[in-house]
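Below: the structure, in structure tokens.
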Amino acid sequence: MLRSSLLPFSYLYEKIINFRNTLYDKGFLKIKKLPVPVISVGNLSVGGSGKTSFVMYLADLLKDKRVCILSRGYKRKSKGTLIVSEYGNLKVSWEEAGDEPYLMAKLLPHVSVVASEDRYKGGLLALEKLSPEVFILDDGFQHRKLHRDLNILLLKKKDLKDRLLPAGNLREPLKEIRRADALVLTYQEVEPFEFFTGKPTFKMFREFCCLLNSDFEEVPFDILKEREVIAFSGLGDNGQFRKVLKNLGIKVKEFMSFPDHYDYSDFTPEEGEIYLTTPKDLIKLQGYENVFALNFKVKLEREEKLKKLIYRIFY
């Protein structure tokens, strides 16, 4: 009811967004181009949609290239342009990098990660210092000032019936799907859905394979056998994590929900308990022997078709 009362502000927000997009469409706002291919991965809504997972999946698909991920580094405790990692060599802490860029840098030793509010400037620094062959623009759908050679848009089921901010969670109207070159329908393992536009469309599934301990070493699921866990997450959509735990049959005696990008500075695990969270949250809680993250691999239907779509930009 409270968010419905914000509908007049959503109408105003829509006018502002439409005006901004028109300025880009008509060429009144300049779009800058980097000299190597750029693949943008983004979404239409605030909150979790699987962007970070898909970016890491994409980086693995491009293993034969020198990949650099360009990220804003949301809520990081630094400003400007920052090299987070150089092909596996971590340069900064998670606080300086932001949790998502740091997680990608930690789990992807074959790529480089750069954080910058201005992704074009980040790209220029990367070209000077890292010699990448391709950029992946993380959360790039609304960052229209940078040219992209392939524009991939992630959608989750909730997006299709949501409202614009602040009455809902959409950052742009659904009609802006027109700008996407390809669509990825996420969270199919918990909320399967179909969506047809005539654009290349792929379904994304998460396949849960193991646990990670606080050193990010793989641990078998067996440690949870006959145990109840305290689960928690600080994501854009904590409800998705709860659904995953339920679908996997994990016994949860308590679930704690924190805001997205929560820093856990006031969090102390109790001895004798087992805690289960996500990799993004775990990077802020290293050193605890009883805190684990649920790890998964991303699977895409028609992966070969996606590969062909991606590799066309290099020729």
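Cβ atoms are placed via backbone N, Cα and C, with glycine included.
Per Swiss-Prot, these features apply:
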BINDING   SER45, VAL46, GLY47, GLY48, SER49, GLY50, LYS51, THR52  ATP binding site
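Annotated features taken from Swiss-Prot, shown on the structure.
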residue : record           : Cβ contacts under 8 Å, 6 or more apart
SER45   : ATP binding site : LYS156, LYS158, ASP159, ASP162, ASN169, LEU170, ARG171
VAL46   : ATP binding site : LEU165, ASN169, ARG171, GLY236
GLY47   : ATP binding site : ASN169, LEU235, GLY236, ASP237, ASP260
GLY48   : ATP binding site : LEU235, GLY236, ASP237, GLN240, ASP260
SER49   : ATP binding site : ASN43, LEU154, LEU155, LYS156, ASP159, THR186, TYR187, GLY236, ASP237
GLY50   : ATP binding site : LEU154, LYS156, VAL184, THR186, TYR187, MET204, ARG206, VAL298
LYS51   : ATP binding site : VAL41, GLY42, ASN43, ASP138, ASP139, LEU154
THR52   : ATP binding site : GLU100, LEU103, MET104, ASP138, LYS280
Around the ATP site (SER45, VAL46, GLY47, GLY48, SER49, GLY50, LYS51, THR52), what further same-chain residues have their C-beta within 8 angstroms of the site's C-beta centre? ASN43, LEU154, LYS156, THR186, GLY236, ASP237
Quick check: in three-state DSSP terms, what is GLY50 (ATP binding site)? coil
